[in-house]
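The structure appears right after this line, and notes come after that.
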Amino acid sequence: MIHFTKMQGAGNDYIYVDNRNGVVKDPTQLSPKISDRHFGVGSDGLVLISLSDKADVRMRMFNPDGSEAEMCGNASRCVARFAWERFFKKAKDEFDLETGAGIKHIVIHRDGENFKSATVDMGAPILEPAKIPVAAETNKITLDGCEFTCVSMGNPHAVTFVDSVKTAPVHTKGPDYEIDSFFPRKSNIEFCELVDSTHAKMRVWERGTGETLACGTGACATLVACVLNGKTSRAIDLELLGGTLHIEWREEDSHVMMTGPAEFVFEGTFEE
Ligand SMILES: N[C@@H](CCC[C@H](N)C(=O)O)C(=O)O
């Protein structure tokens, strides 16, 4: 029996397991089963939390197709809240999180004893085509006549601008774009609608998952694409289907800072 905690950040919901005792042996097999919304608990994937010899806490994130993602922005805030309350007992408000995309520094914002939000230093975006990776000369590509700006936030993203997120071809084109031959490790696909210089909307088709209500790394990649294309300022509120994230791309060190919510939903046990 696996004890789990369901959490969500801007509606991007994952099943979190405290795996300090190694209870989950085969996450690639467990994630599809537990994430199934009809035959399992139901989620956008599985996140394992454990101790780290390099940082204060470690997370590994698995998509519902069983693939492991290098990084997950919304999960990093949820893991931060989980560790802040359950491991550190609110004794420290800043700590380091080991992820598949390196160590991320996190700051918890509180109102007395209550959690308000978390800011994650997501590091600098990767724009070199070979490192994103995208099989092209530059990080700008064209698919079906639409221009995409490719950005890695540890995991690969391709962002395009649309007139309206309501009519964006998330389900009709997302699955094909995700596995396009431009993307040797597949890609997350973001559709961004501009509102003004500090406000945009985005819908995402996630690699290994499908459409989700929010994607933290996708939100960061979207802001980077907005700035690179001269569409917004370096700090925006990005409205996603499940909530709003505040994203800033700092000029001084090129790091992207993501601030947003992290909420507990329920606890349970799952028989493998
Ligand atoms: N929702 C996430 C990203 C999860 C991983 C993604 N599907 C991938 O395979 O890269 C986020 O909040 O960043």
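In case you wondered, yes, glycine gets a Cβ from its N, Cα and C as well.
Between the candidates Asn114, Asn188, TrEMBL assigns the substrate site shared with Asn12, Asn63, Gly73, Asn74, Asn155, Glu206, Arg207, Gly216, Thr217 to Asn188. Surrounding the centroid of the Cβ atoms of Asn12, Asn63, Gly73, Asn74, Asn155, Asn188, Glu206, Arg207, Gly216, Thr217, where the record places substrate, the chain contributes additional residues within 8 Å, namely Ala69, Met71, Cys72, Val204, Thr209, Thr212, Cys215, Gly218.
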